[in-house]
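As structure tokens, the structure follows; a few thoughts come after it.
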Protein chains: 4
Amino acid sequence: MPTPRNCCPQFRRYSRSRTHERPTFQGIYPPVVTPLHEDGSIDFDSLGNVVDHLIDGGMHGLFVLGSTGEVAYLTDEQRVQVITRIAERAAGRVPLLVGCMDMTAARVVEQGRRAVAAGADGIVVTAPFYALNNGPEIADHFRLVAAGVDVPVFAYDVPVRLGGVKLAPEMLVQLGTEGVIAGVKDSSGDDVGYRRLVAQNKAAGSPLKLFTGHEMVNDAVVLMGCDGMVPGFANVDPVSYRRLWDAATSGDWATAVSLQEQINSEFEIVFKPRGRGGDATGLGAFKTAMHLLGLISSPRQPQPLPAMPAEDVAAVREVLVGTGLLK
Amino acid sequence: MPTPRNCCPQFRRYSRSRTHERPTFQGIYPPVVTPLHEDGSIDFDSLGNVVDHLIDGGMHGLFVLGSTGEVAYLTDEQRVQVITRIAERAAGRVPLLVGCMDMTAARVVEQGRRAVAAGADGIVVTAPFYALNNGPEIADHFRLVAAGVDVPVFAYDVPVRLGGVKLAPEMLVQLGTEGVIAGVKDSSGDDVGYRRLVAQNKAAGSPLKLFTGHEMVNDAVVLMGCDGMVPGFANVDPVSYRRLWDAATSGDWATAVSLQEQINSEFEIVFKPRGRGGDATGLGAFKTAMHLLGLISSPRQPQPLPAMPAEDVAAVREVLVGTGLLK
Amino acid sequence: MPTPRNCCPQFRRYSRSRTHERPTFQGIYPPVVTPLHEDGSIDFDSLGNVVDHLIDGGMHGLFVLGSTGEVAYLTDEQRVQVITRIAERAAGRVPLLVGCMDMTAARVVEQGRRAVAAGADGIVVTAPFYALNNGPEIADHFRLVAAGVDVPVFAYDVPVRLGGVKLAPEMLVQLGTEGVIAGVKDSSGDDVGYRRLVAQNKAAGSPLKLFTGHEMVNDAVVLMGCDGMVPGFANVDPVSYRRLWDAATSGDWATAVSLQEQINSEFEIVFKPRGRGGDATGLGAFKTAMHLLGLISSPRQPQPLPAMPAEDVAAVREVLVGTGLLK
Amino acid sequence: MPTPRNCCPQFRRYSRSRTHERPTFQGIYPPVVTPLHEDGSIDFDSLGNVVDHLIDGGMHGLFVLGSTGEVAYLTDEQRVQVITRIAERAAGRVPLLVGCMDMTAARVVEQGRRAVAAGADGIVVTAPFYALNNGPEIADHFRLVAAGVDVPVFAYDVPVRLGGVKLAPEMLVQLGTEGVIAGVKDSSGDDVGYRRLVAQNKAAGSPLKLFTGHEMVNDAVVLMGCDGMVPGFANVDPVSYRRLWDAATSGDWATAVSLQEQINSEFEIVFKPRGRGGDATGLGAFKTAMHLLGLISSPRQPQPLPAMPAEDVAAVREVLVGTGLLK
């Protein structure tokens, strides 16, 4: 018989609410990949495996429907199914942050409400896209979203997908101080901006939880100051990230750097596919590696992303073998 | 008693199907603005006025839910309402192209089916956004969309909203030759690319209807070769665009240039608002002008776009008065 | 005995000054290519041929040391040699505009003075590069240059080589009104900006001569209004450009469009080389075509630009043959 | 009486050559500002003060004529004067790396030879600019430069000034392996690229000395691995950078982070000027601070960079006072 907490998201959330728990949002929240069957439909069994793989690997939480989860390619119905399935399988073991990527606030709020109903403990929201807005309008976008949903909101700073739009540290800390956002996922690759964000957040009394989207410089980001990380590559190797996190947060920098360098040599898989688009390259390499490692049934990505050529799969495999990830 | 053709989109489409009509998609298809009440809800009465204003002004068709229609800010439900209302009011007098802006093919197909059900005679589709794709993947994106909907598909080339993604002429003509797309709306601002598209389309037997999104160089675009235009500013002054179209397509270039220069002096309204985001500037100026001209009840834009300061409204008004549009 | 006007630039300029002539700067000013010997040294004989080819082909002036002249790859000494040689060969038959590309005003002034001494009738100057400046600083840059040289200054708007820096129409017309600049060479590819520049210049009493750097839409630019054009491809086919210019400026638009379309089919040579950098592609195609047409002794480009592979040369040749340029 | 080694650059270099010294290029090489008199001429006395300030502050070397040295605004003659003066004053106490910024290889070689004659121990060279080149052409650019000068060449990766051109780690390590370049100054702000460069350089036997151009994340860069740093802000506060370097390189990360955070609070001066161009903002703030600290006679920048408004000077001063740099 299923326990109450994993039978349905509604009950789980009621239970959490009753005990006044609120997730602390700290540590590693990998963006969960969305495995597909060969026919392109979502492979919920593999998805369940991935959830266990991640939680058993020591992850502190899960980031559902991130860019790595190929959220852009999923219909609204599929998004709800993915959240629901992950919430069921996670069964309250770790908190869930859920990406609610859509063009503008009115649409994000709809995504957010569905996400909360399906089990989100917090939602992750970008600046508007397709729309063209300036800084104050973007700040109001977050205010509108926060007013429309009932869980903490994280701002997701991801210029590479948003035509270069970057969230200013001043704005983020202001929104944190207002209680509009609870944290930031920084995938901007702008380490100066990040360092200023850390400093300004600290000066403001740390209203924000700061997460980095980096995979290759997590040791450095912990050194600079962060509350968590969202490394897509943790889908492949969660254990090393957890060891890195534990070493870095305990001040054992030699070990942290060493682990980071080991992870980076594994992460070279993403530089192996050639001549593909951004999503087919990086996320394709992740899925290919996970398939080779037996974690998911197929490396299939959503249409129109093509299958990876055998030669590139071989190159990915070579990295996995060379680094000892694949025996 | 309503005539059958304007009572409901279904009937209208049935009727069209029965008579084997298919729109020729030629001439001016202005992107219809979406008027709002002061409280932010859609002002369907004003929307109806705008439809009449445009059709009475000589427009050959309507482009519903374009960027100018603030499509990015509307929920899926609102999008359907807008199409439905415009289809009812247009009542088959002109064809409707409907923008189905969404991130990827699976989502666009859903938008497209709803649009067709609500009265679209053709749909307008951009490259994927938020997603990161290369050229062949983008071509497949259009193939997936076309396979999923039952009306002609226009490709919408709008790099400014898509992080700089530009649709290559070669790809567009290839998709035209395959029967995947029926036309292109070019808002790229790349006149060399456009000229090559015209030449390649002609060499391929003109499978594509070529529309320009320009407002200020329509005379030149007709000279270079086009099948139509989608000028947002035609919401303000449709009659001048129609006269320009008629002059240019009949070879009266002196008149065409003169009309274009007059339109351009009116179009200066979009350079008047200062310190606002892209949508609040250009579309804000359109709505402000339409409000001043009595065409819509309010210049209100969707949240988080702010109201235009009185000073900028005055500057817009001054242009309208100075050019004789507003008496 | 040499006539005074072609014996030396100094005399020529004295002569001009005495008769109070000042060039009108109107019509076609092709950017002269800089031919090289196979060993990379400047081929002054071929350069002389090119000058005759252009002047005999009906060009109204010459633009020396433009981007097409590979100015960036030439040392200061070579630049002077090129100007001197062209001035000697042109022998006052047409005016010379000379590009003085350098990073900032102090350096441009030095380039400009050398250019004037070597025979320039006017100089062409970009915004600063490598340096990072805003609009008012860029305006002052032009003011500094104009104060430091004794010939008319043309502003060269070429964002593709300047990290996207675009010269604003308002600034250009202001500088024209001040007498700082005499004209603009617009290679921005921004036709809306160009159209506004035409309108604002006209409203200000036409202080500026407006030249377009376009090759493929010259008919349209004449329609919109211009005083001249700087088509690099005129090095290959000056006669067609002259016929286009004459047709368009006399209002024979059908002929103008037809000539433009013929030119554009020839211009497809620049889309044939693959996998090369920008300069090796476009300028490489020009030089290859000129070599195939017997106008220059070698298609060689300055180091590090590589020789064009035989396959791409063949593709260029095929275009030339197919369009009838090469018998 | 002056010692032989500081009387003239020629002798100094002969002396160095004779003793077979070659600089190790390690540690902090601040990019020396170029102080100006109020009339815009170079203030060589202040320049001498700055050299002593930096060497006395513990700097391991000097980077002459970097972007911070406003190299783009100096004529060729001024560049030589600056190198000569710094070489005289440094008098062999520390090695000199000299920036040879120019458009293409032929021009850079000329800059490089002048720099070597004036006292450079190594030169710093960017990818071509104004020119448009691809990766292999850029690699050949460095090969041409290295073949033309007689001192070690550092590649300077500075996309923000080069229209976004980024030097690939693979190319840099390849050039290092070939002996073409001796090191890299990375000002790309791309920490993932930098981390890969560190890894690839190490795997290749460390042919390259890796310097970072960062000011705000030097602790993190040392953690990731580097041989040196080029912080412009060290002109203002060299001592703190030296303490940071010593702490970080000895593994005292708590101290390193604490010093970095102190430096960063000082570095906020560069975010105080408003509405100015890039050079007038950052370098203007440096010069203003140095002037307030009595290190240079004037905060003057080269034309057309404007004087900083009193309000912004006050804001800079406030930071200096607030952080204790200015008593």
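A Cβ is built for glycine as well, from the same backbone N, Cα and C atoms used for every other residue.
TrEMBL annotations: computationally assigned, not manually curated.
The active site, proton donor/acceptor annotation in TrEMBL covers B:Y156. Counting every protein chain shown, the Cβ of B:Y156 (active site, proton donor/acceptor) has 29 other Cβ atoms within 10 Å.
Residues or ranges marked as active site, schiff-base intermediate with substrate by TrEMBL: B:K185. Its Cβ taken as reference, B:K185 (active site, schiff-base intermediate with substrate) is surrounded by 27 other Cβ atoms within 10 Å in the chains shown. B:K185 (active site, schiff-base intermediate with substrate) carries a strand DSSP state (E or B).
Per TrEMBL, the feature pyruvate binding site maps to B:T68, B:V230. For B:V230 (pyruvate binding site), the same-chain residues 6+ apart in sequence whose C-beta sits under 8 angstroms from its C-beta are B:I28, B:Y29, B:P30, B:P31, B:F63, B:G66, B:K185, B:S187, B:F211, B:T212, B:G213. Following the DSSP three-state reduction, the secondary structure of B:V230 (pyruvate binding site) is coil.
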Query raised in the report: Could you tell me the C-alpha distance between B:Y156 (active site, proton donor/acceptor) and B:T68 (pyruvate binding site) in angstrom, no decimals?
Result: 13
Query - For B:T68 (pyruvate binding site), the number of other Cβ atoms found within 10 Å of its own Cβ - result: 25
